[in-house]
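For reference, Swiss-Prot has these:
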BINDING   21, 22, 23, 24, 25, 26  ATP binding site
């Protein structure tokens, strides 16, 4: 089967947005797509070139891409981006690139990228260098999702030499990026120094690595399939929490895998093996009456009533106090929304608007002073005939985790607690 025929056999959709750098790989991808329109007239193609501004020749590259796209009659978008270099130039450029693509992609378009067989080898070895498990060693797949977009990599079966030979046969030229010779970057070091030696020794090295990556991917999928019943039993999607009632009965390997599935579902960075062990020891299996927490980057993993919660880092808002005035809005601290006092015919209503939720508390009309604050320690009575009890017991009755209790607006009338908005009123 020819390169073109094998490429066309993979096309299952009609609309593609092609990531086009102007290099040999993406030029081959663009040319194969353009050629495929001859017997697939339904194909609708667009290309996008990201102008990073990192190379002195960046403007020339954009002009080259425009010329190639005009020749192949493919509409081109050229998008200039600014790179956040805090996470490194490579990662910053990658994030800026995909953000721009996401901005321009139509809802029904598949993003096509030009990763080929040798790219797969490099990705596998970089994952190996990081100590990745089978998920990382699965490297790249023909179809996946990335940054919330469907990604299509139809060149993975083909080698770079095969793609360049195709371009020569089509009389198409391409850009040579001089930064590819900079061996300070890990991928370039592998490409320029290590892999040529391995390929001289083992001519089918790239194909063998590709097979290993596929085996890892399939094993990872199988593990997920086998774990899914236990995961779905314990995972609550509404608040992204994970139940621990059955956890102690699982093997250590299953415990690790389920927690990794949970963190993946929550879209947070995966902890190292030692961190995961610490999470299980210090949080999952902490004393029943403890309120443990584990810091994971910008998130905090907490446990309450035998469930794991994932929260951001919260600021201390217990010193906040503001007076409420009718028809005036109070902005609450730490992005906790706003509170508005409304005067009705028979009463006053404190309306708390937070994210997509709205809660209220009612009070009788009067000349009293009404204020809002956070955090309260003491006893409360919810009904006239009730005994006073510690507010901690009331929060427990409503299953409110300790870290949320100081983030719920409390309404005070003449200095006395009258309501935890949206939860309970105090007699």
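Using the three backbone atoms N, Cα and C, a Cβ is placed for every residue, glycine included.
Note that the structure is predicted; figures quoted are calculated from it, not measured.
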Discussion item. I need the most crowded of these binding-site residues: 21, 26. Count other C-beta atoms within 10 angstroms of each C-beta and give me the top one.
Written reply: 26
Discussion item. Helix, strand or coil by DSSP: which one applies to residue 21 (ATP binding site)?
Written reply: coil
Worksheet item: Relative to the Cβ position of residue 23 (ATP binding site), how many further Cβ atoms are located within 10 Å?
Response: 17
Practice prompt. Show which residues of the chain containing residue 22 (ATP binding site), separated from it by at least 6 in sequence, have their CB under 8 Å from its CB.
Written response: 49, 61, 64, 65, 68, 174, 175
Worksheet entry | Nonlocal residues around residue 25 (ATP binding site), in sequence order (Cβ under 8 Å, 6 or more apart) | 114, 115, 116, 119, 155, 160, 163
Worksheet item: Tell me, how many other CB atoms lie within 10 A of the CB of residue 24 (ATP binding site), whichever protein chain they belong to?
Response: 22
Item to complete: Compute the centroid of the Cβ atoms of 21, 22, 23, 24, 25, 26, then list the same-chain residues not in that set whose Cβ lies within 8 Å of it, in sequence order, for the ATP site.
Response: 20, 27, 28, 29, 114, 174, 175
